[in-house]
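Right, one structure below, let's go through it.
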Amino acid sequence: MSDVQEYPEVFQEVRGALNPGRLKLQSNSVTFKNIKTGKVDQYQSTDIEAVHWLKRARGNCLKMLLNNGTIHRYDGFKEMEFERLASFVSKYYNSELEKVDIAMKGWNWGQADFVANALNFKIDNHLAFEIPLGNVSHSTNTKNEVTLEFHQNDDAAVSLTELRFHIPTDPNTEVDTVAEFYEKVLAKADIIQATGDAVVTFTEVQCLTPRGRYDIKLYPTFLQLHGKTFDYKVPYTTVLRLFLLPHKDSRQMFFVVSLDPPIKQGQTRYHFLILLFNKEDEMTVELGMTEEELKEKYDGKLNPEMHGLEYEVVSKIFKAITQRKITVPGSFEGQQGTRCVSCSYKAATGLLYPLERGFIFVHKPPLHIRFDEINCVNFARGSGNTRSFDFEIETLSSSVYHFVGIEKDEYGKLFDFVSSKKLRVKNIDKNKSGKGANAGTGAMSGSDEEGGDHDAYLERMKAEGKQRQDDDEDDDTDSSDESFNPGESGSEVAEEYDSNPPTTDSEDSDEESDSEPSEAKKARKEQKQKEKAEKNEKKKAKEKKRSKSAKTVSEGGKRKSKKKSKREKGQPKRPQSSYFLWLNENREKIKEDNPGISITEVSKKAGELWKKVSDKTKWEKLAEEAKKDYVKAMEQWNNREISEGGSDEGEGKDSSPKKSKKSNSSPSKKANDSRAGSGVAYKSKEFISSSDSSGEDKPKKKKLRKDGSESEKELPSEPDEATPNTSEDSGHSGKSGSESGSD
């Protein structure tokens, strides 16, 4: 058997509340660390007097009774763990793990037995319930009754405020049973009474929380704050930590006392007591105890008279009386040599101190965040100001603290500090930033074992998103639908008054000899049209890619919302990922397990459950099959679109000659009206006709080029093309008409 046993899911009962923590049983000691406050309770195994095992409503309870009368209770043990605990206790703690029977009768009368600092109420010699007398805040007695009042705990779901015991008189004895019961309660109750003289008194101390000037009186078991309006009594058992922090101006010092449970004033809770001192002020105080008493009780750490700087004297006395260590800033040093950075939290300015094991913000509201409860940190861009940045801390309980307005010069120092403490930075790769907070430290010192693990689920979702984006681009490039662009058409009419108009396909076709067969001519034209269509498609694809990558800014300053590409009727839908296939099957089950859950909470809960799924092969296989079916369906869809696009092009070829015939009449008239006889008129007439125009112009061009007897000057005097005069012209027109018809 190992000499160490750990139980990570154990609860400690503190004033009616069950605080989660980690229990560690060693051969020579017992250690419990409170997850909420980080407080560590430790006692030696030689101090253990008895160990009991009790039944609870949920699970079992392990009760440790010490020699000094203190009782520690730990809940959350399972029945199967009894044997292992019993053998461990008997081997190392020189005691037996005793099972305590619980009374099952619902009687309200029985016997009261005082054991250590607890009151056990028994029925037929069986324990019915027990009351920790340390939770009693006040007690009163009457003729036959004793009333107990209890400390209230904000963390407890249900609190017991008062309990009354009726004690009947016994005529056979002369002892006053009511008075005896009352005295036993007062002997163990946690009742704060300012009896006797204070150890030391500090007058007119400036406090930031609670605000004002108070006289601080330190008694052996508690401290008292006496102000003009309110008085507070704070037991030393509620003091968690002490901090001594230098102000950024190097002229003042903060002395911070962390409290749990906090000071209460109405509905206000003060978790921190913050005192402010000037660095140069000195003081001399006299303690109300002799040198022998101080040496015996505080091991010579205090003197009957103490002199020095105010903050040094106060911190030294607090440390000795409360028996708590003082935390000071560690290795961090800001840009200006200070131990803190200026920032704001919830619209209140303050100072953020990076410590060796956490962060503390002073002063309104004061915050203390330990490294072992931090999930990750984030450096964010400041809103509206380029000279500052924001620092965000996210805890394991999903609480986020935003510290804004930190100067940009502090970024490098703060980032180096976070990296040195191995805290996970949210906007940096997890594998590069260490495994959680305090990686490498022990579990009982507050480690975050799961903080920096590689998130395979996140990587898979990123890959699926990237693949889906690639599919979108492929769909865009394969699309056969194109918008009409007049400037890209090769058969458009050239401008009449261009000085150097571009050449058209009609010249190339006219320069060919009439001896070329009509089928070869037709095939040549089809080949040219295909080449142009391919060029246009490539050009449009490039323009689409440029438009996607380019950043456009609207004139009004508002960003245009990105419109979703509309899916055509009958187009296959994209396949679902493995996560969504799993979610569709388990959605109803999640709603049944969490009644009343909202839609957003369903998605959040589903993401958490999906991360915990160990075997995802079933859903990944279904996703792969769906993707294969989608690829095949898209191929069939694209082939259908290509075939439809080809038929549309054929119809366009047949309709183009008709359009060109209609457009020939008006430009020819304009050309005939200009009878200047210059070469400009000849060029405009030649280039006005389209590539698919009727053959009426073709014999004239051929005649002009073959017959050298006719000159260019005779062209303006020729009659209109629509009414040829000579039979030769009409013959040529008939021939060309037949060719154009065949085309």
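Note: Cβ is positioned from N, Cα and C throughout, glycine not excepted.
Features reported for this protein in TrEMBL:
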type     : residues : note
DNA_BIND : 572-638  : DNA-binding region
COMPBIAS : 453-469  : compositional bias 'Basic and acidic residues'
COMPBIAS : 470-481  : compositional bias 'Acidic residues'
COMPBIAS : 505-517  : compositional bias 'Acidic residues'
COMPBIAS : 518-537  : compositional bias 'Basic and acidic residues'
COMPBIAS : 538-549  : compositional bias 'Basic residues'
COMPBIAS : 706-716  : compositional bias 'Basic and acidic residues'
COMPBIAS : 733-743  : compositional bias 'Low complexity'
DOMAIN   : 572-638  : domain 'HMG box'
REGION   : 430-582  : region 'Disordered'
REGION   : 638-743  : region 'Disordered'
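In the predicted structure, the domain 'HMG box' (572-638) carries a mean pLDDT of 87. DSSP states for the compositional bias 'Basic and acidic residues' (518-537), grouped as helix (H, G, I), strand (E, B) and coil, give 20 helix, 0 strand, 0 coil. Counting residues per DSSP class in helix, strand and coil order gives 52 helix, 0 strand, 15 coil for the domain 'HMG box' (572-638).
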